[in-house]
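Notes for the one structure printed next.
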């Protein structure tokens, strides 16, 4: 086979960022307002305010010192937000407007570790790493108390006990051993909650800590009356817990920065937010219409987002980091594989809820690659660091039921196991007809196998370093490979020869995908770049730069109009194909320019110079403006008309004209036109008015050297002309002899 045949689809020219899912919480305090509508959380140098209903970041607040935020608190009346930075500054915010109303020094000698308002929202206590506690009146703006004596950081205790205090007698009434390091304890409303084991109106409190479970305790007896069920997967420590009484919501935070909202009386999960995804390792579109996305990050849990509402589901099933994902053709069934040497099958129902329906194990090392069958939901293939691939059939019973049985996920058995390479298998791909399998390995080769027997058909050799990705063309008998040598290669399946090599990435190419019906490629690399290639001419059409680190995940939508990327910078980006939009805009711009050019020609013909000059400036084309200026200067009354026309321009038009003059003045052919315009401005505009123009200083610095050069040239020309004139007047020409007279008789 000589070369892939171009499809009939149009070529893509550009993608634009449609949506970006980025970290909004990187650890530290989180807080709900009393209405339960807004969520406040720390993200480095900012405090982000989220809309609980949509999960969108409404506002990011950052202090002027741009230092990390160490603590914050929202007043009980929801009106005042105070933040503390590492620079030992406290800022009081009108948070709805995003403005600082007061800024003052914390007076602590070390950063503020915690703060809290009193119930009246007038007093604020700050606890510092210097062991001191200070109390501030936020209404009258002064410090009221300074408490010293604590030997360490004033923060919270983690001694595995909870102490119940009587605030009237200042005596401890009961010490309750809770057998875990407690990160937060919350007093529950004194009302019955049978689902939590609260049967009386006595005092009950809830604890959250390193066991990762919420537990309810009766203060009078010290007994645990309710313990939350342990979710599947590894235990996740709870780092924070708080209650919004008015909204009847409880907020908890896990050690991997997931935020969970529960209904207080029943502890039923209401909402989930993924605050920080760490390193994103793979991404996929989900749903028949690509309505959801699934994200595998540096975590055993998966995150599923609904794109319209950004509602998040956190899926537990693996016990170690999930490395790769793939989705079946219909979009509801998808697979994941992980470092725990297993793979899992998940199904999304019509309501968008995802459950684990099957799992399989048998590899002896991390499973880093997975691919689902393309024609029907009949089988999938996994590749592992144990150098083998396994073919897993999907039971028909599982597909017909559409969900896991009551006993839990179905256990899958491998139909075939084949040792394929001498080093780690980084990628597996199934051909569109489900009859061929391609594997890519760290041993610098890709191999082609027949399915389902896994018989070797051929080897693709030519890359200088390990392969990260292999992909079949959807239209042609072609395989694409992406390698750590920074190249993408296309191979013929018939004779295993290399057809094309695409060079352009400065580092490893991690993923490659066919787009535009197999006529173009989309590649992502460890340089953080996304590149669009046209196969026919090996041209890199566009380089997209929106990530700041390795782009591990790349997937294209089934309509081929969007792409999804995930990277080590913790960001997931949804890209939209804007080729048609940009082409339509370009066509409209050209048509508008043709109309304006015709209008400009008519105005010049009618000698309506003011409108012509304004129109030329609006086109932002210096050469067109120069043409108008030259037309004005050719007029018999040029001097008066130029001055009258320029001075009647608006200020923004004069500023643009001055910028154009800087350009014209660099050329000796156009400098006279530039100097004529400058002369008008300098003679009629006050100096202070000219100096107020934006960029005037830079314009003057650009005008002066060329203007001096032009005057020097004129001076030399004038000297030469004067010398010629002097020579002409002093030259003594010889007298010409008179012509001889002719006698009339000679005629």
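Any Cβ shown, glycine's included, is placed from N, Cα and C.
Unlike curated entries, TrEMBL annotations are predicted automatically.
A quick note: this is a predicted structure, and the numbers were derived from the prediction, not measured.
Listed in TrEMBL for this protein:
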{"type": "DOMAIN", "residues": "597-731", "note": "domain 'U3 small nucleolar RNA-associated protein 13 C-terminal'"}
{"type": "REPEAT", "residues": "105-138", "note": "repeat 'WD'"}
{"type": "REPEAT", "residues": "315-356", "note": "repeat 'WD'"}
{"type": "REPEAT", "residues": "360-392", "note": "repeat 'WD'"}
{"type": "REPEAT", "residues": "418-451", "note": "repeat 'WD'"}
{"type": "REPEAT", "residues": "460-501", "note": "repeat 'WD'"}
{"type": "REPEAT", "residues": "502-543", "note": "repeat 'WD'"}
Beyond the flanks of the repeat 'WD' (502-543) by at least 6 residues, Cβ under 8 Å
4, 6-15, 465, 468-469, 471, 473-476, 478, 480-490, 549-556, 560, 563, 565, 567, 569, 575
Take a look at 105-138, 315-356, 360-392, 460-501 and tell me which one has the most Cβ pairs under 8 Å to the repeat 'WD' (418-451).
360-392
Long-range Cβ neighbours of the repeat 'WD' (360-392) (under 8 Å; 6 or more residues past either end):
320, 323-330, 333-339, 341-345, 399, 411-434, 437, 439, 441, 449, 451-452, 454
Which residues, given as numbers and ranges, are at least 6 beyond the ends of the repeat 'WD' (460-501) yet have a Cβ under 8 Å from it?
1-5, 7, 423-424, 426-432, 436, 438-448, 507-514, 517-519, 521, 523, 525, 533, 535, 538
